[in-house]
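For reference, the structure is listed below as structure tokens.
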Amino acid sequence: MRSFLLFLRDFVRNKGLMVFLSILIEKITALVNTIFVVRLIAQEDYGLITLVASLFGVFAAFNGLGASQGLLRFGSLEKEIEDKEKLAHSIFRKGLQRQLILLVFFIITALLYELKYPDIWLIVLFFAVRLIGFYFYMFIKSYYRMRNENDQFSKISITINIVGLLLVLAFTYFYGMFGYLFGLAITPWISIVFFPRLLFDSARSFDLKLDMKTFWNYSFNSALTAFLSEMLFILDVFIIGLLLNELEVANYKLAIILPMNLMFIPVIFMQTDYPKLVENCRNKQYLLFYIRNYYKLFIPLSLFFITIGFFLKDWLIGFVFGEKYQHNGWIFWIILIGVGANMCFRNLYSNLLSAVGWAQKNTIVAVVSILMMTILGFIFTYSFGIVGAAIALTITFTSMGIFSAFLFSNYLKQLS
């Protein structure tokens, strides 16, 4: 019990409550956004936006080819603030150049939807604008996190999400679908207001002690892992869109929104504690201490959500999204089981592998996840419809989480 209290005390000391508030507001604003938008625009239009938004999520995970992930890890290893600043300045423009290359691939890939859904290119254009703004947003958050300024990181996140929600709701109310897309496109650009001048100062250059080849190797593997992980989250939607239709895409997407949003809870701890986990990446006792106390919180929490979700599944979907979606309760509960497994395994161990520098191992897990979800997704969706897609995703979540735990146990064995 004493170690668990120390675990919680460290969380609070690292401004974990502010991080909790920022992520909670982020999830609430996204949920409120969806609840209102599905009532203001046609179901078919929402289905089309969902297709492009899901693809956007994949490319956004590859943000700057890992510039922000690399900054967070290697910046956390630097002891002096001055060295952290030099690293951030050197990485910012190189990451932006990589983001522009990524933008081209996003547009080309997204326009393939035009073959089946005419005029979807307008939706793609708005999300292209959002993709560049997203680089600024993620970079500035990593900048303050690697400086151990979780309070400032949280304030930025809260401000952008609240202002973004108000913009999206206002534009959607007056201009419908295109107002919604415009609001989404401009929201991440607000983050430029919070950038320190140093990052935009192209006249300055610094000599870094860090081997940049090592930096970009880690960053690329982290980005590739995030990219493949996001592909896992849209693969089910892609398969449904391919085998079924956009109405089933909308039904499925809305059914999984609530359980998927529960995954923000373990993310709170990972975002708060990640710099400290990096600092203690060779401290076996600390890593074991963290894992034990993480489980003391998240095993009971996962079981609680799964149990309550079983009894509320049909009522909750109908209450939040309307009676026409109420029949999707079983999809909600099946995904909830997968989310519980994800909390206990995949979320914890993938972040630990990243913190200790084993980004390549995460890439292996992500590749195997994609292969498994592709095979199971087509088999189960073809046989059982959108319920089958939910089953396939849950099996993949659970299996790959256990695989990540196995890989991290191998790392622990190497520590003295």
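Just so it is clear, glycine is given a Cβ too, placed from its N, Cα and C backbone atoms.
Features reported for this protein in TrEMBL:
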TRANSMEM  20-42  transmembrane segment
TRANSMEM  48-74  transmembrane segment
TRANSMEM  95-114  transmembrane segment
TRANSMEM  120-140  transmembrane segment
TRANSMEM  152-174  transmembrane segment
TRANSMEM  180-200  transmembrane segment
TRANSMEM  220-244  transmembrane segment
TRANSMEM  250-272  transmembrane segment
TRANSMEM  293-311  transmembrane segment
TRANSMEM  331-349  transmembrane segment
TRANSMEM  361-380  transmembrane segment
TRANSMEM  386-408  transmembrane segment
Maximum Cβ pairs under 8 Å to the transmembrane segment (20-42) - stretch from the list 95-114, 120-140, 250-272, 331-349: 250-272
Residues of the parent chain within Cβ reach of the transmembrane segment (250-272), under 8 Å, 6 or more residues beyond its termini: 11, 14-16, 19-20, 23-24, 26-27, 30-31, 34, 38, 43, 46-47, 50, 145, 150, 233, 236-237, 240, 294, 298, 301, 305, 309, 316-317, 320-321, 325, 328-329, 331-332, 335-336, 338-339, 342-343, 347-348, 351, 386, 389-390
Interface check, the transmembrane segment (331-349) with the transmembrane segment (152-174), three or more C-beta pairs under 8 A: no
Other parts of the chain folded back onto the transmembrane segment (95-114), taken as Cβ under 8 Å at six or more residues beyond its ends: 51-52, 55-56, 59, 62-65, 67-68, 120-121, 124, 127-128, 131-132, 135, 139
Cβ-Cβ under 8 Å with the transmembrane segment (120-140): same-chain residues at least 6 beyond its ends: 48-49, 51-53, 56, 59-60, 63-64, 67-68, 71, 92, 95-96, 99-100, 102-103, 106-107, 110-111, 113-114, 156, 160, 178, 181-182, 184-189, 191-192, 194-195
